[in-house]
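Chemist: Quick paste of what TrEMBL says about this protein:
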- A:25-294: domain 'CoA carboxyltransferase N-terminal' (DOMAIN)
- A:29-51: zinc finger (ZN_FING)
- A:Cys29, A:Cys32, A:Cys48, A:Cys51: Zn(2+) binding site (BINDING)
- A:284-307: region 'Disordered' (REGION)
Amino acid sequence: MSWISNFTRPMINSLFSRREVPENLWSKCDNCGTMLFHRELSDALYTCPTCDHHMFITPRERLKSLFDLGIFTTVSVPDPIVDPLHFKDQKPYPKRLADARKTTSEHEAMLVAEGNIGEVKAVVAVQDFSFMAGSMGMYVGNAIIAAAQRAVELRAPLILFSAAGGARMQEGILSLMQMPRTTVAVDMVKEAGLPYIVVLTHPTTGGVTASYAMLGDVHIAEPNALICFAGPRVIEQTIREKLPEGFQRSEYLLDHGMLDRVVHRTQMRDELATLLRLLLNERPRSHGDLPSPEGEASVPAEATGTA
Amino acid sequence: MQNYLDFEKGLAEIEGKAEELRALARQDPEMDVEEEAAALDKKAQALLSDLYRDLTPWRKAQVARHPSRPHCKDYIEALFTEYTPLAGDRNFADDPAVMGGLARLNDRPVVVIGQEKGNDTASRIARNFGMMRPEGYRKVVRLMDLADRFNLPVITLVDTQGAYPGKGAEERGQSEAIARSTEKCLSIRVPLISVIIGEGMSGGAIALTTGNKVAMLEHAIYTVISPEGCASILWKNAEKMREAAEALRLTAQNLRQLRVIDRIIDEPIGGAQRNPDAAIAAVGRTLTALLAEFDGKDRDEIRSDRRKKFLEMGAVAL
Ligand SMILES: [Zn+2]
């Protein structure tokens, strides 16, 4: 049974083709076809104003959209042994890593940062689907452990944005070992009495869903994200029947009790700020109090008079 | 009737010939075939030990899936006494793909849990070929809680091609169920000993294999994805399963080098399927030895050692 379904391929292609032409000021919503001006798109955090389709957003843009004034510091993640199995397929694993680094300008498939969300100190880990389909290998495990340790150290909540095609096959069994490893990590946060919030984004599949992505105190998903263990294609091949519309999408999981909430990306920062303050027993903030990520038209935090 | 694997074709011919000779002799008591048949037996034995001395990873995958290999039920019946199955997840159903309950190992009460594939068409269907559904993982969590409450060691016998990729399984939260089961393995304060007896495949296996000690039969496999699945994704061709099996490092020998497993249990010559009793006895000896390592150990230490072991995984490369 395969963890990574073939659906990941066309997604990656469409993603890269978009990136190959950064000078292109217009892009087309791949759901409704509306032509969108790039500024309009980035202001809407890569959601379509016409149909609410949620497109790929880079981890850095996501972090910028979450933290007060868009300010955050990255948390360093220890590098694992490179290519521990000397994996041999049609392309050497180190070459695949190098290629992914070049196309994404990121080091690996997860970025960890700390900063304030609605004036609450938080650690945020974001999985990067554009980096080898966000696949979970030793580095992703190390990133979650580093994030958990930092959260415990700061006595801060941990928020994790998941996105993955599943396992990093080139790390074989060590990829599978990230399921228990990351489970220990998120349990450290929970045992320290700190909130662990998961935001599931499109797509979250395989061993990622079956470990840290389903162990949150609160499960939030972006609209219409594919969230599953076995991919729809694998299931259709097994049961030999067509799956219902919306199967394994966020709203379907909400109906089936696997999620707490489905939240639009542009609402995510307010949502998290409210949740964190509720869970940490902090005073509520009055509406409009949150400094915007761009910093424009916002009152500096120290001048608001609230703690 | 012996089930032969494709690489055992030469062996099948020799053993077939010996059997034919003996069949002839049974019809005609005048014939003396014993000397010739014994020579063939000897030749077969030599070929068998030759074949199994250095199995390729793909051949190991074939052996691990051999239908005549002893399954979970065989181990439970032979090694444990007073096996008292406990059923159900208290939410939805009982999952026959996973056996579990109270039992005694050398008179000592334990909780034993394991995936059972079935051994004929009817039992295979009833057991869903050892592919668990969410109810199964939730039953495992229940049984582990019970073991923890009464301070009983837990033994898991792992043999699955993975979790069941079905519609209902996904609707009822397969992912969450697997995550909770792995989490439970990591949180109990009693020894958890896991033995991979056949196939330990992906998330469906890890949910039961996150043990203080993980042992593996010599020709069992343990992997993040099946060789066929890996081949169809990375080679775009499921027929490249030999290459994928090689690349995945799914053998007990490689996994021991990576310190993902703690112990390799030798199989009889020709694999566990040739001599199930010997394989079962070897597993029994290993379980006894591994359990003894936890005598007098502090409950919190048992738990923190297990967590530490998994946190540190990946420090050794091949
Ligand atoms: Zn649209």
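Note that the numbers count up from 1, one per residue, in the order the chain is shown.
Even glycines carry a Cβ here, placed using N, Cα and C.
Automated prediction, rather than curation, is the source of TrEMBL annotations.
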Chemist: Which one of the binding-site residues (A:Cys32, A:Cys48, A:Cys51) has its C-beta surrounded by the most other C-beta atoms within 10 angstroms?
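Modeler: Its Cβ has the most other Cβ atoms within 10 Å: A:Cys48.
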Chemist: Tell me the residue counts in helix, strand and coil for the zinc finger (A:29-51), as DSSP assigns them.
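Modeler: In the zinc finger (A:29-51), the DSSP-based counts are 6 helix, 4 strand, 13 coil.
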Chemist: Given the model, what does the mean pLDDT over the domain 'CoA carboxyltransferase N-terminal' (A:25-294) come out as?
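Modeler: Averaging the confidence scores along the domain 'CoA carboxyltransferase N-terminal' (A:25-294) gives 95.
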Chemist: List the residues of the same chain that sit at least 6 positions away from A:Cys29 (Zn(2+) binding site) in sequence and have their Cβ under 8 Å from its Cβ, in sequence order, or write 'none'.
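Modeler: Set apart from A:Cys29 (Zn(2+) binding site) by at least 6 residues yet with Cβ under 8 Å, we have A:Met35, A:Leu36, A:Cys48, A:Thr50, A:Cys51, A:His53, A:Met55.
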